[in-house]
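Okay, so here's the structure we're looking at.
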Amino acid sequence: MRNFMYCTKNISSIMLLSSVFFYSCNRKDSSVIESKILPHAVINEEPIFCTDINDNTKNPLAVYQWHLKNTGQSSFASEPGVPDEDINIENVLKNECLSGFGIHVAVVDSGLQLTHPSLVPNIVNNNRTKSINFRDNQLLHNDPSPIPDDDDDHGTMVGGIIAMRSNMGFGGSGIAPRAKLAGYNIINNELGVQIFQNFVDSLGGSDASKENDIFNMSYGDSNISQIPLDDPIVLASTTVYRYGTRNLRNGKGAIYVKASGNGFSKISDDPESTMACMMAQNLNLSCQNSNMNIDNTLPEVITVGALNAKGKKTSYSTTGSSLWISAPGGEFGFDKDWLNEHFARFGHTINWEKLRPTLGEPAIITTDVAGSKFGLSKLISYEVTNYMDPKLKLNEIFRIRNAFNGGQVLDSNGVNLNSKFNYTNSMNGTSSATPVVSGSIALILEANPDLTWRDVKYILAKTATKVDPYFEGIKVKIYNDEEYQAEDGWVTNSAGFNFSNWYGFGRVNVENAVKLAKNYDVNLGEYIELPWHPVNGEIDPVDVQPGSLGYTHEFQQISEENNIKIESVRVEVTVESDFIGDVGFELTSPTGTKSIIWNIGNAFSFSESLINMPLQSNAFYGENAAGLWSLKVINSGFNSNSVKFKGARIQFSGSKSSI
């Protein structure tokens, strides 16, 4: 069984700062936070619903939401962003008046506060879609709201990014401010190891969830060794993705959107995991490869990377060839001056040079668990009793991070922007980037409800913005001080698509995507999934010598009869080594497009083998499958005494139509 070890924004990185900043999904009891629907939460279901994110009367927080419109604002952190590094959504919300109306989004997460004043108008609990509470509290079976004393509720923050209701006179705006939300609190360690039925029930395999259009999955795992392919959770999720994309939405297919991970430099605080990431840190490569999570290797899943307010990869975002798209996820949102001032009250200082350099960059503003006692935004008490260690108070203040979370920010009219502590500016991670994409897809589907799941993927890829355009990849020195291109920059394939392991096809561009959706005339044709080629990929073991030459394995040529336009390429590899972290794989198409599908230095370092390990690449989207494909096996020679390549097979999916 698979344990989900992070269900959060990149709070695991804060573990470097102090043991107090340990985030857990553990629940202390099975009760939920009680609150009532506020009288001002009036549901506006007018046919035309326009959102002006510059209107600080209707949407007072929207002007600070840099992911909607980046003006270079700091969003209550120390450092500013870079203007225009956003998702290009302003015109779609204000003038085209799209809002995600009629689109249902499942928040498959730690929970969802159904009574939050900015979410109430969009919560669904009727006969179409129902939330599910997986805790042992059957009286509240359809209420996945968080419990008291929870440090924060990840799912509530995710839900706000997707569909915070705009034009309420408080709060800001979600990407799709009238999309309907349902919550499924499957990411919940109180439940222990999840059973496969919970995944089925949450992801479209139950009456409660089957009518959702989009499933947002801001979670992943922290494994540093291969998960068996017959793992029940793997089998369940794989089956439900396939079922959902073939059957839900009246056969057009549900859209599954998933976080790539927060493991670029660190996966967890586990000592073995920390050791496993040291090589990647030294090489500036991703410790966690996106292909380490089997869900990310499936063509039915849209895997999302995270960007900062400067338009580049965040410090934590997991990279890899299975990424599809990137979106704003933000950094950490600390206000260093505010914290310095508050620490000085207690006679302490902060040595920022020893901490992560991106702490002061903007995170994402979204809904927080409502109230001054819950969530990331809390009322600050400066009182220190004789029985309290002052360090606990300092840790409490440090965790609040800034004046906004402390309810201390006034607008130009002297009005407190977070007086009820219902919002936070500190959500981050690929967990933040994923709901940005889910909300964007809700707008795309509102613009054209007839789109299939494959159409949505095409639109995202075709209209994405090429961010960080001068990124040239990463070169490292390997065996015998030999230079090796361990990560490529942007690659343009023979079908004209730009792709990067750091960014996928680029940043989601809402206005361009909606425009294409409204005028969509592409026929992707019947979806074809070719058999694995060859059926059995085993070969006599080959000793791979250290160095950049490696060993090149050629697959049997794909005939013209079996040619399709590629939508996904998957490879299963088998290799043995006493240090898998030295092993890398590069896949090359008949036209010469190369994709690094498994980077050296990854966190599987201490594994002894990969057995039929599935790896996906999106770099070949739109190319022809026919021809000779080759797989290069790299042995960097840092730590391994032996690398034995034992075989591989390849699979293509796509159609006979042109892309």
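Cβ from N, Cα, C; glycine included.
Listed features, source TrEMBL:
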type     : residues : note
ACT_SITE : Asp109   : active site, charge relay system
ACT_SITE : His154   : active site, charge relay system
ACT_SITE : Ser431   : active site, charge relay system
DOMAIN   : 529-658  : domain 'P/Homo B'
Other C-beta atoms that fall within 10 angstroms of the C-beta of Ser431 (active site, charge relay system): 33
Integer Å value for the Cα distance linking His154 (active site, charge relay system) with Ser431 (active site, charge relay system) is 9
Tell me whether Asp109 (active site, charge relay system) sits in a helix, a strand or coil according to DSSP. coil
Just to verify a number: CA distance, Ser431 (active site, charge relay system) to Asp109 (active site, charge relay system), in angstrom, no decimals. 10
Give the number of CB atoms, excluding that of Asp109 (active site, charge relay system) itself, located within 10 Å of its CB. 31
